[in-house]
Amino acid sequence: MITAVYPGTFDPLTRGHEDLVRRAAALFDKVVVGIAHSRNKKPFFSIDERVEIAREVLGHYPNVEVRSFAGLLKDFVREQNGRVIVRGLRAVSDFEYEFQMAGMNRHLLPEVETMFMTPSDQYQFISGTIVREIAQLGGDVSKFVFPSVERWLQAKAKEYREQSWPAGKG
């Protein structure tokens with residue numbers, strides 16, 4: 001049985017992420033979506049919210065599990081008995097960082113391969129960061145995320161605007 005691990009912050013989970021999970025699920029016996037705690041980033045959603053969102057969107061795939069992790073990816077991959085790390089590449093700009101990370105992971109986990117996947121054409125431009133910014137400014141994100149994710153984003157963005165904008169501006 002080959003287990004693939006697809007790690008990320010998934011803040012929020014987008015249609016592009018789901019596209020990669022769906023395609024990875026067709027290639028591997030099991031796919032573990034590993035949602036990172038991300039101390040270095042300041043996530044919009046808490047780790048529990050990101051896990052719940054991912055489970056709502058991905059729950060219908062029988063061979064996909066969603067788990068959170070903290071610490072080194074290598075430890076999480078070992079805990080999951082992972083043989084492959086799946087990473088998405090949207091553009092050439094993603095490649096340099098992902099290439100360096102794959103090299104480091106190869107040194108830390110020589111028995112595990114990194115597989116790069118490009119999103120389907122209609123999702124190549126989607127970025128969780130950009131989706132969050134659009135939502136925070138009150139824009140329509142329905143083309144980039146699933147309806148359940150959009151509801152989460154709208155509620156969180158409303159809170160953000162109420163806390164960040166002067167009265168009468170949001």
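Each residue, glycine too, has its Cβ placed from N, Cα and C.
Swiss-Prot lists Thr9, Lys41, Leu73, Arg87 with the feature substrate binding site, giving sequence analysis as the kind of evidence. In sequence order, Tyr6, Pro7, Glu98, Met101, Ala102, Thr114, Met115, Phe116, Met117 make up the list of same-chain residues 6 or more apart from Arg87 (substrate binding site) whose Cβ falls under 8 Å from its Cβ.
Under the three-state DSSP scheme, Thr9 (substrate binding site) falls in the coil class. Annotated ATP binding site per Swiss-Prot: Thr9, Phe10, His17, Gly88, Leu89, Arg90, Glu98, Tyr123, Gln124, Phe125, Ile126, Ser127, Gly128, Thr129, in sequence order.
Annotation for His17 (ATP binding site): spatial neighbours Gly8, Phe10, Gly88, Gly128, criterion Cβ-Cβ under 8 Å with sequence separation of six or more. According to DSSP, His17 (ATP binding site) is assigned to a helical segment. Per Swiss-Prot, site 'Transition state stabilizer' is recorded for His17, and the stated evidence type is sequence analysis.
For Gln124 (ATP binding site), the same-chain residues 6+ apart in sequence whose C-beta sits under 8 angstroms from its C-beta are Gly16, Arg90, Ala91, Thr118. Taking a C-beta cut-off of under 8 angstroms and a sequence separation of 6 or more, Leu89 (ATP binding site) has the following same-chain neighbours: Phe95, Glu98, Phe116, Met117, Thr118.
Separating the Cα atoms of Ile126 (ATP binding site) and Thr9 (substrate binding site) is a whole-number distance of 15 Å. Around the Cβ of Ile126 (ATP binding site), 19 further Cβ atoms fall within 10 Å across all displayed protein chains.
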